[in-house]
Amino acid sequence: MSSNSYEVSIPMSKKLNGIPETTSKDLQTLTEGAVLSFHNICYRVKVKTGFLLCRKTIEKEILANINGVMKPGLNAILGPTGGGKSSLLDILAARKDPHGLSGDVLINGAPRPANFKCNSGYVVQDDVVMGTLTVRENLQFSAALRLPTTMTSYEKNERINKVIQELGLDKVADSKVGTQFIRGVSGGERKRTSIAMELITDPSILFLDEPTTGLDSSTANAVLLLLKRMSKQGRTIIFSIHQPRYSIFKLFDSLTLLASGRLMFHGPAQEALGYFGAIGFRCEPYNNPADFFLDIINGDSSAVVLNREDIGDEANETEEPSKKDTPLIEKLAEFYVNSSFFKETKVELDKFSGDQRRKKLPSYKEVTYATSFCHQLKWISRRSFKNLLGNPQASIAQLIVTVFLGLVIGAIFYDLKNDPAGIQNRAGVLFFLTTNQCFSSVSAVELLVVEKKLFIHEYISGYYRVSSYFFGKLLSDLLPMRMLPSIIFTCITYFLLGLKPKVEAFFIMMLTLMMVAYSASSMALAIAAGQSVVSIATLLMTISFVFMMIFSGLLVNLKTVVPWLSWLQYLSIPRYGYAALQHNEFLGQNFCPGLNVTTNNTCSYAICTGEEFLTNQGIDISPWGLWKNHVALACMIVIFLTIAYLKLLFLKKFS
């Protein structure tokens, strides 16, 4: 079979209703857009296999010598699962880790700028938009952080309104996107909102990772019709897709077929059927071309069987045994390399590359920002506050539980007496207050885990700095959600329990509970940062607090702990909080009825004063004995927050 016979075209003349025909004016517009070319793209990753003692690292080839040109229009990357289409898309969008990556990606013949990922648009497969905000509020956030500060608010609002109108979101512009607790817009409208977030910057190149995933056939078709209209405005739209139906396939301008990291076809989508027909794979009538191509690649198509029967005798006579055993994918890749489509692509690639010879892709991890740190901090804090108010289930539930626990504890330990039983009751209730603050702070793990995908996408796209996001979340979520419950808990329990009737003692207790809550929450952030599953972070937090409780000072007298384990007490958050609360409450108290501490009266009780109790517990009764606990908690807050920030900063943000 000669390679020259591959150049066969089967035009797909029928078109969908509602799609305008391409006019000469459209062609002129398309030629003025951005042309992305990729030259000899190879990508390998190192994979660890085997068990712990027998683990070895092997290098796996993901993409091998991929070449092509993406022009203004709809450029589809099609292939089976694991074929490398998402990897190729991420490489073209400069969102793939450059380790193991080689080749060139050019824009109109020039290297991509270092901040290409910030100037282009990228719509991820899972729609990462804030569900508690309206469509317009999400777009306002994108415009505020991605558009230059030289633009006025009026100009930004005009851009937002234009994008809303262009994507047909007028009717739902002021509706919430929706969460699992809040009813919002439809799946198609949510996908269009994700696209609108990227169109705010008016990019010439738009990347989409499987934009039809999770949508029904009608909604998926509507999304692709929208992309088709956008492509006619001169945009280069590049997207991966798994198994489109026929009406969607007909919209494609360019088709790239990948399998096992090899290029099966790259060229005009309407000529793909003709190409495969020319090499012996005939599509049955009424079969979806996209399904037909995937069947060929997977080797389970009737066309493959017919092809093997037709060329079987010829292969037996002319081919060597090693050639007959060549896998189908290898044969298809070889067919394409010998085809006229590949030769035409090489001519275009040589025109773009010119005489420049580049060895490998540079590391495109640079991220640029259109706004300042303070501007980003303001908008992140504002969005987080709106998210808190728009999703009140968690916050209200936490406040209700706080009030309920405060009343229950107040009823159980109501009006503590200054007698020996009061010593035990005070020690018990102060221990409960401390541990309750710790375990209530476990909810802080969700602060960074739930929004991990949103954070990674927005950071790579140049919305904000890591520092802006981190401090914005602290100001809007962590501080109010830990401070308010501590204030409420103190106000309810302090007077019901009948603790020391001094103003300074009341505020010291409130401060101590806040510090314990902040320390525990900071520890939760340090553990949760970078985690993808809330349950894992919660489990680690719970185990840590259980061990900390042992060294808090109630369950075991810390003076009796063996030296080689006693150092663990200095890592216990409850220990510092519990010691501070005991110092604040017991100092100056008299627990022996009728005992005059100013005289030499004797008493039958082992402990009569608060000082004696504190000394027995190994607590320093000096003023520094109180405040050193707050200093220790403050140091732990700084250390844990630093760990959380560094984990966010060095989080693997590129796939």
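Every residue gets a Cβ built from N, Cα and C, even glycine.
The annotation topological domain 'Cytoplasmic' is assigned in Swiss-Prot to 1-395 (among others).
Look at Swiss-Prot and you will find 36-285 tagged as domain 'ABC transporter'.
Neighbour density for Gly187 (ATP binding site): within 10 A of its CB lie 16 other CB atoms from the protein chains shown. For 79-86, 183-189, Glu210, His242, the entry in Swiss-Prot reads ATP binding site.
According to Swiss-Prot, the feature domain 'ABC transmembrane type-2' maps to 389-651.
Positions annotated as transmembrane segment by Swiss-Prot, on the basis of sequence analysis: 396-416 (among others).
The residues of the topological domain 'Extracellular' (417-428), classed with DSSP into helix (H, G, I), strand (E, B) and coil, number 9 helix, 0 strand, 3 coil. Look at Swiss-Prot and you will find 417-428 (among others) tagged as topological domain 'Extracellular', backed by sequence analysis.
Residues or ranges marked as transmembrane segment in Swiss-Prot: 429-449 (among others).
Under the heading topological domain 'Cytoplasmic', Swiss-Prot lists 450-477 (among others), citing sequence analysis as support. If you look at the topological domain 'Cytoplasmic' (450-477), the same-chain residues 6 or more away from its ends with a CB under 8 A from one of its CBs are 95, 115, 117-118, 122, 124, 126, 128-130, 141-142, 145-146, 198, 367-371, 373, 376-377, 379-382, 384-385, 388, 530-532, 534, 641, 644-645, 648-649, 651, 653-654.
Annotation source Swiss-Prot lists transmembrane segment at 478-498 (among others).
Annotation comment: Swiss-Prot describes 499-506 (among others) as topological domain 'Extracellular', evidence class sequence analysis. When Cβ-Cβ distances below 8 Å are used as the criterion, the topological domain 'Extracellular' (499-506) is approached by residues 416, 426, 490, 584-585, 588-589 of the same chain, each at least six residues removed from its ends.
What Swiss-Prot records for 507-527 (among others) is transmembrane segment.
What Swiss-Prot lists as topological domain 'Cytoplasmic' is 528-535 (among others), and the listing cites sequence analysis. Within the model, the topological domain 'Cytoplasmic' (528-535) carries an average pLDDT of 85.
The transmembrane segment feature in Swiss-Prot is assigned to 536-556 (among others).
Under DSSP, the residues of the topological domain 'Extracellular' (557-630) split into helix, strand and coil as follows: 41 helix, 2 strand, 31 coil. Swiss-Prot lists 557-630 (among others) with the feature topological domain 'Extracellular', giving sequence analysis as the kind of evidence.
Its Cβ placed at the centre, Cys608 (disulfide bond) has 21 other Cβ atoms within 10 Å. Swiss-Prot lists Cys592-Cys608 with the feature disulfide bond, giving similarity to another entry as the kind of evidence.
Summarising the annotation, Swiss-Prot assigns N-linked glycosylation site to Asn596 (among others).
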Sparsest-packed among the recorded positions, when each Cβ's other Cβ atoms within 10 Å are tallied, from Gly79, Gly82, Cys592: Gly82
Cβ neighbours of Lys85 (ATP binding site) where a neighbour is any other Cβ within 10 Å: 26
Leading stretch by Cβ pairs under 8 Å, where the reference is the transmembrane segment (429-449) and the options are 396-416, 507-527, 536-556, 631-651: 507-527
Within-chain partners of the transmembrane segment (396-416) [C-beta distance under 8 Å, separation at least 6 from its ends]: 422, 425-426, 428-429, 432-433, 436, 440, 443, 481, 484-485, 488-489, 492-493, 496-499
Collapsed DSSP category at Lys85 (ATP binding site): helix
Same-chain residues at least 6 beyond the ends of the transmembrane segment (507-527) whose Cβ lies under 8 Å from its Cβ atoms: 433-434, 437-438, 440-445, 447-448, 478, 482-483, 485-487, 489-490, 494, 499, 537, 540-541, 544-545, 573-574, 576-577, 580-581, 584-585, 626, 629-630, 633-634, 636-637, 640-641, 643-644, 647
Number of other Cβ atoms within 10 Å of the Cβ of Gly184 (ATP binding site) across all protein chains: 20
Cα distance (Å, whole number) from Cys608 (disulfide bond) to Gly82 (ATP binding site): 74
